[in-house]
């Protein structure tokens, strides 16, 4: 059946690394098989199948057999019962002097699934060669019935002491004393390394006849041979038939007990010339033909005792000895002196080589073959870490023989200059299969150049190698390559992934370990990351064991298990990684710790194997080794639960109330919840599984819109029993009452799980266990339920244009305003200094069908803050903003939720405040309307109302000035000494203060100071210019001009006012930036130039210091006052010292007298002097009274 899209998505997400962390290995009921901890029972484990009977093969490399710690292998039943030791430690290799103590049998195990046999190796098995013990290693092959079948020891070489030595003693009467000969014989025998695979000795004695004292194979130890030699008595005889004795030894002694391939050595001891000397030539020739090396010892006691010249005797003995004589011929003065040549004779014999010299004679003696093992089609690969001076090698044992690559075969990747590093090649061996190259062998060398290396190669019968690829480790001491595993993910017979362990990788202060992943691409393995551990910062040795196991989770892909035996304070843990589509998911699906399984487990995970179904339930089980224990983990069947949900009817029609619930009209519906279990393993196709589900209505709402008819208001919990492959459906009745929100669908959520998760099947860790399906409301539009609205949005602001500002604020006539706006763009709007807000009048109208979930999106530029939205009273709907935080640059408002009716209209006003922290040259407000309904593209253009303005701000500045000097009178007696030789000082201040809301910039203060007349007479000296703002930059021009020190005569009576138009000036330009409420003071400090002011001709004059504010061309600010400027006036007056000429005085006097005379005459003519007499009356007494 088709799966809902949600299930597929959830399943795909679960396959993503880290999405889940559960798995189907049962940790509640493991089988823990105990063994000896001192023997390290559990160091290696292998699952074994014998005719359908399942066993566990467990290695115990420190197991004892008798008095020797040989190691051994156990077979253990998987269900119940005790383990049985196979006593492989008692297996003896014939014809060698072996040493089995500490040979570590069971250190490596390899099973052969073709014939159900397995190989158990003892890499430290050694054998005696002379005075040395060679640790060549040995493996034992065990058949399907747990019976030893053969030994495998490809590195075993014949010793240098592999010799058959026959001692030919002259026992004639002339030998005296015999006891000295016996002492010599015993001493030389003690020098020999007698034993299997080494020297064996036979003794013949001759005189007139020849007899066997003992044959070559009679005794197998020095002790026995010495004991036998001590009982040899002198046979006697009157003749010395040396040729006969040599021929007897050649033809009979070497045949009876002689070994094929052994070096034949003959030691002839005689004290006189032979009586059959004519036969010597033939006898010696036959000995040469049989490759018998002859040592001849001449005892001169008989000749010395009788004073006979021994020259002829010595020549005969030298003829008997092999060439050269100096190495094979000895002579002693008498029988007692034989003891003196024992050491020399022994050294010369042992200088012989037991086999022909070849390249491997001295390269494999310490090879430790079997340190690792791997079964291939035609035999077995064995790692030999000690071969070639511990650089290591890989040997191959087949039914046709053995293949031992030459040392030179490895030089390409293991150069001669690094031979002393001890690479340990063969520490682990495995193989991969590619479609082009077939089977390729893989071997690890964890100590190569201290970082480790892995090589991929093929081996040829001519003892050469072809190395196809090499991989090198990253970190010194990480032991990269100590564990290697190839993985065929999809089971097609071709390797997909090669995993390389570096268990000692040091990270964050701990030996955490690392496992590298290499994927096969075009016949090369390419690095593709690493597997992840638990991120627990501890010494874990993650990657100490890596096992490719068959499909554990029943998804048809093989999996990987990695051991970390030192995790959790050496308790140990394993990690299970799933295979998926040709690769390995790098996050573990399950981490199993030793503490979950049993108490006291240590080094859990040191070995892992998982290829068989051990309990006959159709599932692959795991075998894991630990210190003194072997643990079997059982797999649980995996089930996938397919869930689906549908509704009848398919939509909620709130306009059709078809039932009553709680006395109210309601819309009734039914949900059908269906489950189908799918067991992944074929063995479980008739199994049942119990699940429990929880169903919830409108789970994310505080008050649900739908209600269940039975059980809880919005929850139901039920248990059901499902049969494999069969669908079971549950009916859940529910109803919907009146609700304000019938736009968003009602969500039905289902969660389900196993009824008994601790037993039986387990839910697939990559399969969803939740289901969410929604049932929509019917929208009430036309028959196709497709609503087509037509939203129209209109908006305008209250900002004035430049023309409107000129007419309304500046109150200028239209003609003057036209000239005023010429300097502005037509899109410029003016922000008055008193304005703090911007208002937008807007309307939203729906000219089409119902618009569901209509929203109004309001956005503004950063220099505005949303203040409020006020709806007009005559609106047909409502509008509510859901986020009115002032700092947000966007607001979302719901319009008549849940739907905006057809032909409805809503009017509203928006207010925005200017930001006090952000200043921009422009202003943007955008209103956009939209809905969940599908409006036609042709009508969407008017859904947006953008308002964009280029701004000019009215600067609100206070511009003032002050001065310490406004008037000065120049007097004739004014002294320069009072003013330091210059003149009276002055201090002027121009002050600008920003009273507005916005920071002001793009303005310039321009100050002009008349400093001299056009004739070069200095008027004043500007001593200093200061501002109280460090970031205000000013430029000063004209203050450095040098004027004449002595003023010249100049009449200024016609120029009562001196300014920049008729004087030389100092100009100061300053760029101004003012934040709100900031002020800047410009200080002018100087002195009047009194020397010139006294010399110039004037009565009174004014020196005008002018300061003007100017806006720069691109400044966003304007001034309400045209060209604002301020002046400071220095009014200078002067007193004159006049001298009147004499003629003026005389003329003035005479003129005054003449004027007086004319005045008197005129008065006389007018009767001025007669008027008093004419006014007297006739009757009056003219005579005055007399005082008596």
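Quick reminder: no glycine exception, Cβ is built from N, Cα and C everywhere.
Among the features that Swiss-Prot reports, repeat 'FG-GAP 1' is placed at 24-85, with the record citing sequence analysis. Residues or ranges marked as disulfide bond by Swiss-Prot: 76-83, 121-139, 129-159, 659-668, 674-729, 781-787, 881-893. The N-linked glycosylation site annotation in Swiss-Prot covers 95, 291, 358, 449, 462, 528, 642, 694, 857, 894, 1039, 1059 (among others). Look at Swiss-Prot and you will find 613, 615, 617, 621 tagged as Ca(2+) 3 binding site.
The Ca(2+) 3 site, placed at the center of the C-beta atoms of 613, 615, 617, 621, has further neighbours from the same chain whose C-beta lies within 8 angstroms: 612, 614, 616, 618, 619, 620, 634, 635. Among the binding-site residues 613, 615, 617, 621, not one has its Cα within 10 Å of the Cα of residue 159 (disulfide bond).
Rounded to the nearest whole angstrom, the C-alpha distance between residue 613 (Ca(2+) 3 binding site) and residue 129 (disulfide bond) is 47. When the Cα atoms are compared, residue 1059 (N-linked glycosylation site) and residue 615 (Ca(2+) 3 binding site) turn out to be 116 Å apart.
Ranked by CA distance from residue 449 (N-linked glycosylation site), the recorded positions 76, 617, 621, 642 have 621 at the top as the closest.
Taking each Cβ in turn and tallying the other Cβ atoms within 10 Å, the top scorer among the recorded positions 615, 642 is 642. A coil conformation is recorded for residue 787 (disulfide bond) in the three-state DSSP classification, outside any helix or strand. Looking at residue 893 (disulfide bond) and residue 617 (Ca(2+) 3 binding site), their Cα atoms lie 63 Å from each other. Here the candidates are the binding-site residues 615, 617, 621. The one whose C-alpha lies nearest to that of residue 139 (disulfide bond) is 621. Less than 8 angstroms from the CB of residue 121 (disulfide bond) sit 105, 106, 107, 108, 109, 110, 137, 138, 139, 140, 369, 370, 371, 373, 382, each of them six or more residues away in the same chain. Of the candidate binding-site residues, 615, 617, 621, the one lying closest to residue 659 (disulfide bond) when CA atoms are compared is 617. As a summary of secondary structure, the repeat 'FG-GAP 1' (24-85) carries 0 helix, 31 strand, 31 coil according to DSSP. Ranking the binding-site residues 615, 617, 621 by the distance of their Cα atoms from the Cα of residue 528 (N-linked glycosylation site) places 621 first. Separation of the C-alpha atoms of residue 129 (disulfide bond) and residue 621 (Ca(2+) 3 binding site): 46 Å, rounded to the nearest whole number. Cβ neighbours within 10 Å of residue 83 (disulfide bond), excluding its own Cβ and spanning all shown chains: 20. There are 21 other CB atoms within 10 A of the CB of residue 787 (disulfide bond), with all protein chains counted.
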